[in-house]
Amino acid sequence: MAGSSRIGFMAIAVAFHLVYILSIFDIYFVSPIVTGMKLFGVERPHESPKAPADRLVLFVGDGLRADKAFQAHPEPYPESDQDLVPRHLAPYLRSRVLEHGTFGVSHTRVPTESRPGHVALIAGLYEDVSAVATGWKMNPVNFDSVFNRSRHTWSWGSPDILPMFQHGAVPGRVDAFAYGAELEDFSKDATELDYWVFDHVKDFFAAAATNETLNTALREDKVVFFLHLLGLDTTGHSYRPYSKEYLHNIKVVDQGVKEIVELIERFYGDDRTAFVFTADHGMSDWGSHGDGHPNNTRTPLISWGSGVAAPELHPGSIAPGHDELSSDWNLDHVRRHDVAQADVAALMSYLIGTEFPANGVGQLPLNFLSASIKEKAEASLANAQVILEQYRVKEENKRNVELRYQPYGQLSDGNLDPESRISHIRSLIEAGSFEEAIEESDALMSIGLQGLRYLQTYDWLFLRALITIGYLGWMAYATTTVLSLYVVKESMSPQRTLLGSAFFLSLLVALYSSFIISKSPPAYYLYAFFPVLFWEEVYARRANVAKGFQALFGHVKSGGAVVALVFNVVLYLGVIQSLALAYIHREILTGLFVLGAFWPMTQGISFLRSHLFLSMLWFFSCLAMSTFTLLPAMKVEDIPLIMAGGGLMTFVGLAYLVLEDFILSDVSSSKTKLKRLHTSRTLLGIQVGLIILAMLVTHSSATSLQAKLGLPKGNQIVGWFVLVTSLLMPLAYRLQPNSHYMHRLAIIFLTCAPTFVILTISYEGLFYVAFSITLLSWVRLEYAVDAFTQEKAKKQATVAGSQQHTPSTFRPLSLSDARIALFFMVLLQSAFFSTGNIASISSFSLESVSRLIPVFDPFSQGALLILKIIIPFFLISANLGVLNKRLGVAPSAIFMVVLTASDVLTLYFFWVVKDEGSWLEIGSTITHFAIASFLCVFVAALEFVSAAFIAGIEVEDTKSAALTSASTKADEKVPPVAGAE
């Protein structure tokens, strides 16, 4: 098998994890969209054929939180003491709530991003979570929507939102007027985006006065106007939702809505227009969105105009619907009607009299309607028919591909089938039992939605079992490979039997046959292939497994040794479990670093005396690392902290320049030193200079952006120059190569330092320095411990005939190497979580990338974010590569052990994924699984990065090389104590 080699194993590891990451899409992210449904709308009597409204205007304040829309705040830009008195910043919208319409909170689902939010509002369905990846660029909404059902829709706003509804609708039905992407400049005043929309709407209606064709089209019924207002989202990202800029933007939106409403009412003069104001998602206090935090999922919903109910007032008392959220809105006497975001699409369809969107799952909010109880009953029935029609089509599709289909119980019995229920509701309406009909329709919608979920999750049990067996098989296979390559001295060939091969082949054929009959997706075949492959390989190499365990545990015979082994196993499993919990509670890493700081003390007083400085450096670097996970993960721009981090990087670089001869003196000849003074030191000085230049340009750019002066072009050019030049600097060292590992690590540190200055917004630069020092002290300390242990063992050895190992061979892995793998795992997790968490990564602050790319460009900005995230991982890979070489361990050995152990985390997160509960819990558990899976892939990639970083380095001084070549010990090369530091 290919996996029996190092390269083959890594290739299989990457392929397996990439394929199994896709399993999350086949389990949790299956698209709910089906085609072939009949359309349903409210059937109106011939004597009153008109819908409640002839036209509808939809305002979407992108990124507007519910609380900020209704709370009172001081004037954002006060000009007098009176302006400091809190007042409501959206008085016009507030007047709609108090006097003209119905209001509430629209609750979104995760991901709280623009595309999923607009799809829920306009199409009435919740796209699978993976749809967020398609929301940044034009991807048509290839399913039904309110716009598609309308006679015509005109829309104004962002080029990231409008085209996807235009291209996904019937050709010619939706007109989109979008500004250029260059206007989405995070360094400029984002209210210009909203002014652009309002001004172009005004120009549009003005043109209708002289354009007869346009005027005629505007006066048709079933017309929709969509105004997408992006200013609030852009301002929130740049300045946070509690900033004066965000609050001022609310005033701009409120005034603009007022002017557009008055314009439309003057143009038509018939009071036949309905208005809906809402948002696609909210905004966290840190200027981010994407996760399921309540600040992101709660958005305002205000509707007024033709067909909309007047406010339900309760003078002198607290009206129903209010809770702690709305306690400071001063709207306690007005009933609050909360809805799910998809319900808004059903509301809009009803108001203009179109069919409900075919894929809609929203439930019509009857409290928003100014209609008779009979009309509400008929509308509710039509709403239920939409959902049941989707169930019918989905069930038919599933029944056609399943050998033994099990229908959903509540919709399968003869007396309870959908057709019978609908007939019963119709009879209730005809009998005048409207309230009962509404209740039955609500119950039927609820059952229909449950049935849709049943079909959506029909294959979950089988897939979860298959994926679990696959991960267990991978871990067993990886363990077998590690034992064969790096523990067993003479690996045996696979021992396959005819019966065993027939069993595994029959199992694979049976699974594939079921997939063919069920018309399963192609990925299912790979999900089944890997576990069969892995377990067959483990079975074939069972002899190597037995020999490997004997080599590792054969010496554990005494009771004390068994107790020590059990204690270490429990301890290591506890640390791994702690790493899993650290995904949720970053503070756990603080505890692990504090515990790790005392590790040298476990080696005894003699070791501490010999390596006091190194032990103290490790102790204080661990304590420094422990502080970062106590700091806020969601950060705001802090220029002094950025400068402090850059200053520390500069200090480290200058210190190395001054002490370079002392650090490298044991491997360098006088001739080499002289050359280094003229070449290497010059390059080191340039790298330090780039850090200083990065600090200067970052300070200037950040100050200019904070003052809303935009990003100076010169700063942008210099910033890119520093970023690119610093990353290319290692190539210049080919002029005078220096193979000492300390010199190589110093180059890598200085190479990445300017990037961390330019792309940091707070304490990340300080973390970079502390993390680098921790890694270096870890490498030297592990080598010192290994040398100390081997020297001690050599003195106590009673067997003289030990097997010889030359410096050119790799020693086998031992149980003590599990500690190295465990430290590597902790450092790997801290590289990600010390400066952030899931939410801070998914919705990162724009201050850093706007210093290089001020205009909205998600892929380029995302690439810069990824660069910043992966730099600490590069540092880890380089240091582990050095450590492997110093210890005489094969380059891939520790990486492969970590790759195996990391999947304990992956499988744990797979098991705890939730599909019920709050959307924050659901989204977080899915994200945890995805990140754990990608980290496993990343570990495999880091092995090759490490090989590139440490190519040609020297890790031993001349004295230690001589000693090492003469040392002997069974199964291990014995490094000398001298040079351990």
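Every residue, even glycine, has its Cβ placed from backbone N, Cα and C.
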Would you say Swiss-Prot puts Arg6 and Ala633 in the same topological domain with respect to the membrane?
no
Provide the three-state DSSP residue tally for the topological domain 'Lumenal' (884-892): helix first, then strand, then coil.
4 helix, 1 strand, 4 coil
Checking distant contacts: for the transmembrane segment (745-767), what same-chain residues at least six beyond its ends satisfy Cβ-Cβ under 8 A?
625, 628, 631, 635-638, 641-642, 644-646, 648-649, 652-653, 656, 684, 687-688, 690-691, 693-695, 697-698, 719, 722-723, 726-727, 729-730, 733, 776, 834-835, 845, 847-849, 851-852, 864-865, 867-868, 871, 874-875, 878-879, 882, 949
Taking the Cα atoms as reference points, how far is Asn211 (N-linked glycosylation site) from Asn148 (N-linked glycosylation site) in Å?
25
Under the DSSP assignment, what numbers of helix, strand and coil residues are found in the topological domain 'Cytoplasmic' (541-560)?
14 helix, 0 strand, 6 coil
Can you see whether the transmembrane segment (561-581) and the transmembrane segment (820-840) are touching - at least 3 CB pairs under 8 angstroms, only pairs 6 or more apart in sequence?
yes
Intrachain residues whose Cβ lies under 8 Å of the transmembrane segment (7-27), provided they are six or more past its termini:
1, 128, 130, 459-460, 463-464, 467, 470-471, 474, 478, 481, 485, 521, 523-524, 526-527, 530, 892, 896, 899, 913, 926, 929-930, 933-934, 936-937, 940-941, 943-944
Same chain only, sequence gap of 6 or more: which residues have a CB within under 8 Å of the CB of Asn295 (N-linked glycosylation site)?
Arg65, Asp67, Pro241, Gly282, Met283, Ser284, Asp285
Stretch-averaged pLDDT - the topological domain 'Lumenal' (582-587):
88
Within 10 Å of its Cβ, which one of these glycosylation sites (Asn148, Asn211) has the largest number of other Cβ atoms?
Asn148
How do the residues of the topological domain 'Cytoplasmic' (486-496) split into helix, strand and coil according to DSSP?
1 helix, 0 strand, 10 coil
